C-alpha cells in the first residue's frame, strides 16, 4: 500500500507541476490546451485551484509545492477582483481550503486571506429573507440570482456554508460570519419537509416552493451531509442537527431508495416535481454512502439504526463501484439510469450519451475511504486502486504529468475533454491517498471532520 500511496502522491505532484507550468494562479486548469481560466477580469484569479489544493499538498507531504501555493496566496491573492462567483463554490473551495490549510499549518496569512474572503461574501446575505444570493461580485458586493432560475435558490447553495462560516468565526473571534450562516439554518429548520427531505429549489422572497422535487443529488446533496457534520464539528453539542439528519435519512429510505430488478442493486433516485419517481442515480449521490458510514460510526444512541445505516452504506457503495466496473472504460458516467419498469431480461443499468462524461469526481472513492475506516475490509482499498488505475489509463494527459476529464466512459479508449476540476486535487486524490494510508492516526475521524470539498476542519 505504500507503493500505491506513492503513486497518488506522484499524480498530485505531476498535476501541480503541469498547472504551475501552464496556468499558475488560474481558477480552472485546461490540461489539454495547457492553459487556464480566470474568474476575474484582467487575467486575475480568485484562488479556486490553489486554495483548494493547499491541504492536499500538506497531507501528501509535498512541502515545496505547498510553499509555492502558500506564497502565491500571500503575495498575489486578492479578493478585490471584478469577478461574479458562486457563493457556494467559493465558500467550499476557497474559504474551506484556506481554513483547513490554516488548521494544518498554523500559517497566519491563510487565516488572514480567509477573513478577507469572508468579508467579501457577507453582503450576499443581505436579502429580505436572509437566504443568500447564489452569486456575488467580489469587488462591488452586489448579489444576484441566476437569470435562468428567477429568484430561486437551491438547498445545497444555502445549506452548505455553515461548517466554513462557523470555523471562520471560531478562528477570528468575529461572530458575524456564523450569525448569517446560522440564520439560514434556522430558516431551513422551519421549512415544511417531506419526512425530513427539503425541496431542492425554492424561492426565498415568497418562501413558497418552486416545486422541483426531492433528491440526494445535485443542488441538495451537501445540505444533508452538513446536518451530520456540523453535529460532529461541534463535538456533538448540537443534537437538533443530528435529529434533523436522522429524520432526513428516514425520508430518503421511504421515498428515494430502491432496489433494481435483476442485480438487486440498491440505489438512490429522485422524486420529480410531479411526485413521480425517477430511477436515475447521479455519481454525486454516492456521497451518501460515506455520510451514512460516518453517521453510523458515531451513532451511540441507537445501535439498531447504526447497523441499518452501516448496511445501507455498504449497499450503496457496492452500487457506486458497479457504476465503474460495469462500464467498458472502468470509469463511472455522471449519471446512471435504471430500467423502469424493470425487465430481468435486460441489464438493469443504461447510460444516456449526454450523461456518459466523467469529471474524475470524488464521491465513490470518498465512500470507499469511509467504508475502509469503518470496516477494515481490504476490498474497499482494492476497489479504490482499480479506479485509480483506470484513471491513469484513460485520463492521463499526453505528456503523462496530469489528468483530465472524459467525454464518454462507454467507449474505449475514452475520449478526453479539456478540464481538470479543482476537486480532483482537493478531493479525489486526497481520499485515494488516505485510503492507501495504513496509519489511522493520519487525520483521525475523531479529531477532524471533512467538509463537502474534503477539507479537514478540527472538531472543537
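Heads up, the Cβ atoms here are built off N, Cα and C, so glycines get one too.
So that you can see what the record holds, here are the features copied from TrEMBL:
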- 89: active site, proton donor (ACT_SITE)
- 221: active site (ACT_SITE)
- 286-320: disulfide bond (DISULFID)
- 334: active site, proton donor (ACT_SITE)
- 363: active site (ACT_SITE)
- 452: Ca(2+) binding site (BINDING)
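Within the set of active-site residues 89, 221, 334, 363, the entry lying nearest in space to residue 320 (disulfide bond) is 363 (CA atoms). A straight line from the CA of residue 221 (active site) to the CA of residue 334 (active site, proton donor) spans 15 Å. Residue 286 (disulfide bond) and the residue listed as 'Ca(2+) binding site' are 12 Å apart (CA-CA, integer value).
The Cβ neighbour count for residue 221 (active site), using a 10 Å radius and every protein chain shown, is 25. Note: the Cα of residue 89 (active site, proton donor) and the Cα of residue 363 (active site) are spaced 17 Å from each other.
Cβ neighbour count for residue 286 (disulfide bond): 28 (other Cβ atoms within 10 Å of its Cβ, all protein chains included). Here residue 334 (active site, proton donor) is positioned 11 angstrom away from residue 363 (active site), judged by their C-alpha atoms. Sequence-distant neighbours of residue 334 (active site, proton donor): residues of the same chain at least 6 apart with a C-beta under 8 Å from its C-beta are 282, 283, 355, 356, 357, 358, 359, 361. Of all Cβ atoms in the protein chains displayed, 26 besides its own lie within 10 Å of the Cβ of the residue listed as 'Ca(2+) binding site'.
Secondary structure from DSSP puts residue 286 (disulfide bond) in a helix. Per-site Cβ counts within 10 Å over the active-site residues 89, 363 peak at 363.
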